[in-house]
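Straight from Swiss-Prot, the features:
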DOMAIN    3-33  domain '4Fe-4S ferredoxin-type 1'
BINDING   Cys13, Cys16, Cys19, Cys115  [4Fe-4S] cluster 1 binding site
BINDING   Cys23, Cys101, Cys104, Cys111  [4Fe-4S] cluster 2 binding site
DOMAIN    37-67  domain '4Fe-4S ferredoxin-type 2'
BINDING   Cys46, Cys49, Cys54, Cys87  [4Fe-4S] cluster 3 binding site
BINDING   Cys58, Cys77, Cys80, Cys83  [4Fe-4S] cluster 4 binding site
DOMAIN    68-97  domain '4Fe-4S ferredoxin-type 3'
Amino acid sequence: MVMKKIIMTNFNCDNCGDCVKACMEKNKVGRIAIMEKDGKYIPIVCQHCASAPCKEVCPVSAIEHKDGYVYLNEDVCIGCGLCALACPFGAILMEDKAYKCILCNGDEPACVKACSKRCLELVDVNELIFAKRDKSLDLFSKMSLPTQKSDNSLISKITIDAKVKP
């Protein structure tokens, strides 16, 4: 199963609002927010958590997992706001009801398409995990192994620092 998420790929967001406008045009209501933190702007979208706190607190079961994604049934939602409070990312927006990213129902996400700074990207979660793993393995492979004679190896530094000095 291919699971996709929208992630922020750089910190070039200038709060132009193009992603929010595109989302509103496509979905009738904005499902993305832009947060400002220390002079940087960060687009906030649902991360479709595997163990979604928003789903757990919904008193009317308006939120469900399906095919690896978190869906909110706006027709069932009563607008209590508990899901918005429970979301660790602040990705559920409240008006009369709760609204969250639905990844444009499988189409290319409007926010990703509209971002002129290329801050947002739709990624395959598995590819992202494997890319991070490969990067870590590459870094480890460049470290000196304990059997190699090198004062620069990570193991050498740890053992030298750990020795008791007279």
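Yeah, the Cβs are placed from backbone N, Cα and C, and that goes for glycine too.
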Practice task
Based on Cα distances to Cys46 ([4Fe-4S] cluster 3 binding site), point out the closest of the binding-site residues Cys58, Cys77, Cys83, Cys101, Cys115.
Solution key: Cys101
Fill in the blank from the handout: Sequence-distant residues near the domain '4Fe-4S ferredoxin-type 1' (3-33) by C-beta distance (under 8 Å, 6 or more away from its ends) are 40-48, 68-69, 90-91, 93, 95, 99-104, 109-126, 128
Exercise for the section: Name, in the order they occur in the sequence, the residues of the same chain whose CB lies under 8 A from the CB of Cys54 ([4Fe-4S] cluster 3 binding site) and which sit 6 or more residues away. Expected result: Ile63, Val70, Leu72, Cys83, Ala84, Ala86, Cys87, Ile92, Lys100
Problem - Winner by Cβ contact number (other Cβ atoms within 10 Å) across the binding-site residues Cys19, Cys58, Cys77, Cys87 - result: Cys19
Fill in the blank from the handout: One residue among the binding-site residues Cys13, Cys16, Cys23, Cys111, Cys115 has the fewest other C-beta atoms within 10 A of its C-beta, namely Cys16
Problem - Spatial separation of Cys49 ([4Fe-4S] cluster 3 binding site) from Cys58 ([4Fe-4S] cluster 4 binding site) - C-alpha basis, Å - result: 15
Exercise for the section: Tally every other Cβ atom lying within 10 Å of the Cβ atom of Cys104 ([4Fe-4S] cluster 2 binding site). Expected result: 19
Completion exercise
One of the binding-site residues Cys77, Cys101, Cys111 has its Cα closest to the Cα of Cys16 ([4Fe-4S] cluster 1 binding site), namely Cys111
Problem - Same-chain residues at least 6 apart in sequence whose Cβ lies under 8 Å from Cys80 ([4Fe-4S] cluster 4 binding site) - result: Pro59
Exercise for the section: Determine, for the [4Fe-4S] cluster 3 site, the additional residues of the same chain whose CB lies within 8 Å of the mean position of the CB atoms of Cys46, Cys49, Cys54, Cys87; present them in sequence order. Expected result: Gln47, His48, Ala52, Pro53, Lys55, Val70, Cys83, Ala86, Pro88, Phe89, Ala91, Ile92, Lys100
